[in-house]
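Peer 1: I am attaching a structure below and will ask some questions about it afterwards.
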Amino acid sequence: MGTAGDSEKKPTVVFVLGGPGSGKGTQCANIVEHFGYTHLSAGDLLRAEIKSGSENGTMIQNMIKEGKIVPSEVTIKLLQKAMQDSGNDKFLIDGFPRNEENRAAFEAVTKIEPAFVLFFDCPEEEMERRILSRNQGREDDNIETIRKRFKVFLESSLPVVEYYDSKGKVRKVDAAKPIDEVFEVVKAIFTPEEEKVAV
Ligand SMILES: Nc1ncnc2c1ncn2[C@@H]1O[C@H](COP(=O)(O)OP(=O)(O)OP(=O)(O)O)[C@@H](O)[C@H]1O
Ligand SMILES: Nc1ccn([C@@H]2O[C@H](COP(=O)(O)O)[C@@H](O)[C@H]2O)c(=O)n1
Ligand SMILES: [Mg+2]
């Protein structure tokens, strides 16, 4: 027999993955506007946690400076709280899961499987150019940390994309194109088949 909690409808989750600077945050803002999702960037939540003066702040700050992945326990708690606080039931989870530990822990704790994984594919040189001209004052947007982030992306994050690809869940987008062109492709992915009109 199930408990009342078991009968609650699970939220819809789309994981948004891609290398540093591939345009995840930029495209998520467009998706929110058109499709009513709530955008949760794991990186933004971790940066807010540093600013809040939390006991984990120094640890998170040091890991971000080194381009390392913060333990799942910390990030998942932040994601769960943000999901609860939003009042929505559709989420774009940007920059998570970043490694196998993130992936397995999220599944074990929340029992949520993503509807699909939006993957922004972009060459490293283009991502580097974008980050170096971003000017948002991020402590990890310097060439030394960028190189470390690229290494972590290749070694730890791409295997997560491959895992979901093997389950047929990855929607890969060429993210090297201009912002509007990338969004045209993204829009088609989020538009239900029955709403697509023949041209
Ligand atoms: N398709 C694009 N063409 C050119 N510039 C872009 C494109 N998409 C995003 N940008 C710019 O590149 C920079 C990085 O984009 P964004 O912050 O969305 O990337 P991100 O994937 O969220 O990066 P991170 O993983 O570091 O958070 C921003 O300055 C953004 O305006
Ligand atoms: N699941 C995650 C996501 C991010 N981090 C840390 O934050 C840094 C910045 O992330 P962005 O997505 O905003 O680029 C990232 O390099 C990690 O240090 C994390 O630990 N776990
Ligand atoms: Mg981002």
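Placed from the backbone N, Cα and C atoms, the Cβ positions cover glycine too.
Any TrEMBL annotation is an automated prediction that lacks curation.
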Peer 1: Given TrEMBL annotates Gly21, Ser22, Gly23, Lys24, Gly25, Thr26, Arg134 as ATP-binding, which of Lys65, Lys68, Lys90, Lys177 belongs to that site as well?
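Peer 2: My reading of TrEMBL gives Lys177 as the candidate in that site.
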Peer 1: Select one of Arg129, Arg149: the residue that TrEMBL places in the ribonucleoside 5'-phosphate site alongside Arg47, Lys68, Ile69, Val70, Gly95, Phe96, Pro97, Arg98, Arg138.
Peer 2: Arg149
Peer 1: So of all those binding-site residues, Arg47, Ile69, Pro97, Asn102, which one's Cα sits nearest to Arg134 (ATP binding site)?
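Peer 2: That would be Arg47, the closest of Arg47, Ile69, Pro97, Asn102 to Arg134 (ATP binding site).
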Peer 1: Can you tell me how spread out the ribonucleoside 5'-phosphate site is, meaning the largest CA to CA distance among Arg47, Lys68, Ile69, Val70, Gly95, Phe96, Pro97, Arg98, Arg138, Arg149, in Å?
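Peer 2: With Arg47, Lys68, Ile69, Val70, Gly95, Phe96, Pro97, Arg98, Arg138, Arg149 as the binding residues for ribonucleoside 5'-phosphate, the largest Cα distance is 21 Å.
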Peer 1: Should we count any of the binding-site residues Gly23, Lys24, Ile69, Gly95, Arg138 as near ligand 2, judged by a CB under 6 A from one of its atoms, and which?
Peer 2: Ile69, Gly95
